[in-house]
Amino acid sequence: MSEKNQKHGDDEMRYEQDPKGFFGSLFAPVAGYGVTFTSFFRPTVTEQYPFEGPFTMPRFHGRHQLNRYADGLEKCIGCELCAWACPADAILVEAGDNKPGAQYSPGERYGRVYQVNYSRCIFCGLCIEACPTRALTMTNDFELADYTRRDLIFEKQQLLAPLEEGMLSAPHPMAEGTTDDNYYRGEVTGPQQSQVDWVKKHRPQDATIESAQSAVTDRQPATSSAQEAKK
Ligand code: SF4
Ligand code: SF4
């Protein structure tokens, strides 16, 4: 046998089916229904989205979020490391200088412009790994579809974490007697009276004053007793 014919014969043997036997041949015409029949008794797995929310895993990579410190200052310092780490060139950051009357984050600079282009983002998470202040994290929100490419570019205000109860909206001065190191180490646990007073003076209509004032008042007894214990 030529080499070519030998190879052809080997291929036929490789793809030849095993003989079915008597029962195999008898049930072969209805064997496919077995899968359908057993599926009748399995639990339904259809998700009723959007009427019932889908459940993502806790570490799911969804929409980005720019976080804040407990006193309301922004964590982003505009360093652009996230933008440089991004393999899809989906992030644009432009830093601005913090000024005495306009302090948005601890330290010298803050993220003045922050955009994520969700028509480019592949949700790999490299940007959040690169962020030195944990300003950038990813939420579980995946409902990002839209009709235009322009609407898929999310601006800073869409990405900023909402102000939690007790936070004071930025800009306002840093907590008295602190540096950016104190913020990075998590030593600032809420707004101070001096920060609330500053916002009262410069933005008396600010909606967060009341809640921040309550947070300061609530913390005072604990602070005083800690100081007394130290004496
Ligand atoms: S998740 Fe990945 S692709 Fe998306 S912005 Fe971050 S680094 Fe870029
Ligand atoms: S999110 Fe983080 S890495 Fe990106 S500019 Fe802000 S501080 Fe830098």
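Note that Cβ sites are derived from N, Cα and C of the backbone, with glycine treated the same way.
Keep in mind that TrEMBL annotations are predicted by a computer and have not been checked by a curator.
What you are looking at is a predicted structure, and each value in this text was computed from that prediction instead of being measured.
Database features, via TrEMBL:
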- 21-41: transmembrane segment (TRANSMEM)
- 66-96: domain '4Fe-4S ferredoxin-type' (DOMAIN)
- CYS76, CYS79, CYS82, CYS131: [4Fe-4S] cluster 1 binding site (BINDING)
- CYS86, CYS121, CYS124, CYS127: [4Fe-4S] cluster 2 binding site (BINDING)
- 112-141: domain '4Fe-4S ferredoxin-type' (DOMAIN)
- 167-231: region 'Disordered' (REGION)
- 208-231: compositional bias 'Polar residues' (COMPBIAS)
For CYS121 ([4Fe-4S] cluster 2 binding site), the closest of the binding-site residues by C-alpha position, picking from CYS76, CYS79, CYS82, CYS131, is CYS82
For the binding-site residues listed (CYS79, CYS86, CYS127), most other Cβ atoms within 10 Å of the Cβ sits at CYS127
One should report the C-alpha separation between CYS79 ([4Fe-4S] cluster 1 binding site) and CYS127 ([4Fe-4S] cluster 2 binding site), rounded to whole angstrom, as 12
Hits among CYS79, CYS82, CYS127, CYS131, i.e. binding-site residues with CB under 6 Å from ligand 2, come out as CYS79, CYS82, CYS131
Binding-site residues CYS76, CYS79, CYS127: those with Cβ under 6 Å from an atom of ligand 1 are CYS127
Over the domain '4Fe-4S ferredoxin-type' (112-141) the mean pLDDT stands at 97
Row CYS124 ([4Fe-4S] cluster 2 binding site), column other C-beta within 10 angstroms, all chains, value 14
For [4Fe-4S] cluster 2, residues beyond CYS86, CYS121, CYS124, CYS127 with C-beta within 8 angstroms of the site's Cβ centre include exactly CYS82, ALA85, PRO87, ALA88, ALA90, ILE91, VAL116, ILE122, PHE123, GLY125, LEU126
